[in-house]
Amino acid sequence: MSSQKSLSDELGNATSTELATVSQKKLRPCHSWVNGERPESFKTETVLPSENGFNDEHKVIIEEPVAAVGLLEPILDENRMCVEYRHVSAYVPATVAAGGFFSGWELPVWSAKAKAKEKAKLRRVLWDVSGCCKPGEVLALMGPSGSGKTSLLSIIGDRAQSHMKREGTIAFNGQPSTKRLKRNIGFVMQDDLLHEALTVWEVLYYAAMLRLPRTMTKEQKMQRVSTVIQALGIEKCKDTIIGGFFRKGISGGERKRVSIGHELLINPSVLLLDEPTSGLDSTTAMHCVEILRELAAGGRSIVTTIHQPSSRLYQSLDKLLLLSQGHALYYGRAQMADDYFQKMGYNLPYRVNVADFILDLASGDVSVDDRDGESTRQHLIAFSEQYLRRRTVDGYAGGSAEDLAAEQKQPFSSGANFGKQGLPNSDAGLSEHPATYNIKAGNIDEHEAADALPASSSASESQGDSADADLETGIAEWRARGLPPAQSKAQRWGAPYHLQFAILFTRAVRVRRFQSMSKQDILQYVIVGLLTGCFWWQRGGHDTLAASADTLGLLFFELMFLTFRSMFTALFTFPDEYKMLLKERASGMYRLSAFFFARMASDLPMDFAVPTIFITLIYFMAHLRYTAAAFFSNFFTVILLGLVAQGFGLLLGTLAMNPKTAQTIASIVVLAFTLVGGYFVKGIPVWIGWIRYISFIYYGFGMLLHHEYNGRTIYSCVDASLAQSAVAMSVQVDSADPANDPRCHPIPHDQLQATLGLQQSPNSESWVAIDAAVLVGWLVFYRTLVYICLRYKTARR
Ligand SMILES: Nc1ncnc2c1ncn2[C@@H]1O[C@H](COP(=O)(O)OP(=O)(O)OP(=O)(O)O)[C@@H](O)[C@H]1O
């Protein structure tokens, strides 16, 4: 405390810009946890440069208490991991925007010509970037917007989108990433993907139940949740919902901390964070970085992107990779960056924050003498790439300007390992790196991984880089360790299958606590049901042909309303949840099938309960056939059809993964299905009439007709005075008691279909059995296809 006070006293007279030029050196060793001792506090030595008017020797020590995050146990020595990214290049489509009509579906390219065409369309966004992050280090990726920070981070975490082509090597203790390893890597995304309707506690609780190993008891898992909540200082909002655009919940900073907590639950050895400080005020951002430093001190390797750090935040960074349009402009200790650029002739201007200065350099905004900003940037890239290629472990390590220049000019002996130079304006096609291992899109299977980069990767890399061996410190030791011991296959997933299902089911129900069974939904069904009941008031009870014509309309409307509603609601299900699904699948939280069945099951109460209100209302108000068998048959038919339509909606939504596209397709298809469903068009031309057989509405309508009219006697009632001048149907009159009305005569059962103009016979038992079987078939078929699509779409990440 006293030291903090002295700092403010000392700096009390300095301007904010002067404060910004303060440089700090950390006294705290990175590996303080390695010795098994948790430090009580961090000490930071601050040196004020002479330009500020202070004495050169003037030093201030800031002592900060260790954050509560120290409650998380340090990473066991055997589980620590050194993350290496070597010669990483990335390419994205240059012209076509990501996504499309059916996003995520790509046809394989076989012909050489097509491949060449594909390459030509790519834009290079990362240029042969190398570096590493050892346990205990926080590596910050900095650079102007669009410089490739997120791309590099997502490649390291194996989360890059499938259409991003990648090259290079990502190694953890010298080994490639595997699915198992990925489960132990924490990845905090730029947009905090959290369930908006869940509270902070619920988000972390469900994640803990799914992600933590089954060897832990439920109490231990809940204890971990409490620890993380406490460690991140979010106790006061633990019962507040996350919230979103329409429903305000926790603040942005708290949201970010929940996202970090979500990953901290598994106590990861490697933590990757995309802009954890963006949108936070400088004090909260500083606190966030302090937490990261503390986590690193527990033996974790932490890589984080930082957008525009304040001067104070910059001073607290350990290691820095500065990117400029995908090129490494600087790599090394953050506090030595200004020294590096100074040696190259770019002095930090007086009263300018180092972070701002180097970002200006990376943006091409610093002109020196006759060199404009862009030429400066190109010059720096050319120099840095040549220099940094031999310093891929610790980066810039100081030295005189002459040493730097001499080293940069040295011919690079292990060229085989580097392929193209990666200098500015090199061609944007896919370069070949003979000795590098190509990162595959998607996961590397554990067995494949063993073949892909066993001894060969790390060994050949080290061999290739032998010229640099003396420049690399401590890396061989990490490579020699290999991956942490494997868990048994049964323990691959945190929770066993049935628990995954149960947890996901409960979560899915809670996630929709503000949507499903909402008052508006119920109100909508009740109002439409009441209106319908009024319009068709008691019409179904009349056994006349005239009333039956109306009843047919009611049955069709009943079916259409619920079908449309189920289908259009389902269109949004997976597109809305897709990102979350990808994120959670990438972390290996659960099996896809457990998610799928839980999601389907969680819909069932909604699928049954609300339509029940509607069906019951219209059934009795309109006086449809008053027998228990007819009522329940009608009820289950409509529910079954709703489920089929829902499956169809899910399928379209999953195929397109874009509700707008899915809606457009759904409207066209359902319109066609409706028209041929058996009510509107009777005499469809044969050449297009087959469509009715793929219309689930046709089968559903057939079943409803059967339940309503099977075995029932319908009377044709004709007023004799009108019959001579008009066609039969138009002169049908209603009768309250057609059986005893002389104007009415019964229609033979075998003529009912023709008389009512139906496409299926309501009295045929075989028809209804076929209809039911076909609907069940569609139900299974659509859902199976949905599952396959989901599997395909989530496996490609
Ligand atoms: N999946 C993708 N499809 C198309 N272009 C992409 C894709 N991912 C990245 N890019 C492009 O790659 C470049 C680097 O993007 P990236 O998101 O990595 O930058 P960044 O440094 O993280 O930017 P910011 O700080 O604004 O988040 C950008 O020009 C971006 O348009």
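Here the Cβ of each residue, glycine as well, is placed from N, Cα and C on the backbone.
Annotated compositional bias 'Polar residues' per TrEMBL: 13-23, in sequence order.
Annotated domain 'ABC transporter' per TrEMBL: 107-350, in sequence order.
The annotation region 'Disordered' is assigned in TrEMBL to 1-23 (among others).
What TrEMBL records for 412-432 (among others) is region 'Disordered'.
Sequence-distant contacts of the transmembrane segment (522-539) (same chain, at least 6 residues past either end, Cβ-Cβ under 8 Å): 547, 550-551, 553-554, 557-558, 561, 610-611, 613-614, 616-618, 620-623. Positions annotated as transmembrane segment by TrEMBL: 522-539 (among others).
Positions annotated as transmembrane segment by TrEMBL: 551-574 (among others).
For 595-622 (among others), the entry in TrEMBL reads transmembrane segment. For the transmembrane segment (595-622), the list of distant contacts is 500-505, 507-509, 512, 516-517, 521-522, 525-526, 528-530, 532-534, 536-540, 551, 554, 558, 561-562, 566, 573, 577, 581, 584, 631, 634-635, 638-639, 642-643, 646, 783, 786-787, 790: same-chain residues at least six beyond its ends, Cβ to Cβ under 8 Å.
Under 8 Å from some Cβ of the transmembrane segment (628-652) lie the Cβ atoms of residues 558-559, 562-571, 573-574, 603, 607-608, 611-612, 615, 619, 662, 665-666, 669, 696-697, 699-700, 703-704, 706-708, 772, 775-776, 778-779, 781-783, 785-786, 789, all in the same chain and six or more residues away from its ends. The annotation transmembrane segment is assigned in TrEMBL to 628-652 (among others).
Feature annotation from TrEMBL assigns transmembrane segment to 664-681 (among others). Tertiary neighbourhood of the transmembrane segment (664-681): same-chain residues 552-553, 556, 560, 563-564, 567-568, 571, 648-649, 652, 656, 689, 691-692, 694-698, 700-702, 705, 758-760, selected by CB-CB distance under 8 Å and a gap of 6+ residues from either end.
Summarising the annotation, TrEMBL assigns transmembrane segment to 687-706 (among others). Sequence-distant neighbours of the transmembrane segment (687-706) (same chain, 6+ residues past either end, Cβ-Cβ under 8 Å): 552, 555-556, 558-560, 563, 633-634, 637-638, 640-641, 644-645, 648, 670, 672-674, 676-679, 758-760, 762-764, 767-768, 770-772, 774-775, 778.
Sequence annotations record features per position, and here TrEMBL assigns transmembrane segment to 767-790 (among others). Away from its own ends, the transmembrane segment (767-790) comes close to residues 574, 581, 592-593, 596, 600, 640-641, 643-644, 647-648, 650-651, 654-655, 696, 699-700, 702-703, 706, 710, 760-761 of its chain (Cβ-Cβ under 8 Å, at least six residues beyond either end).
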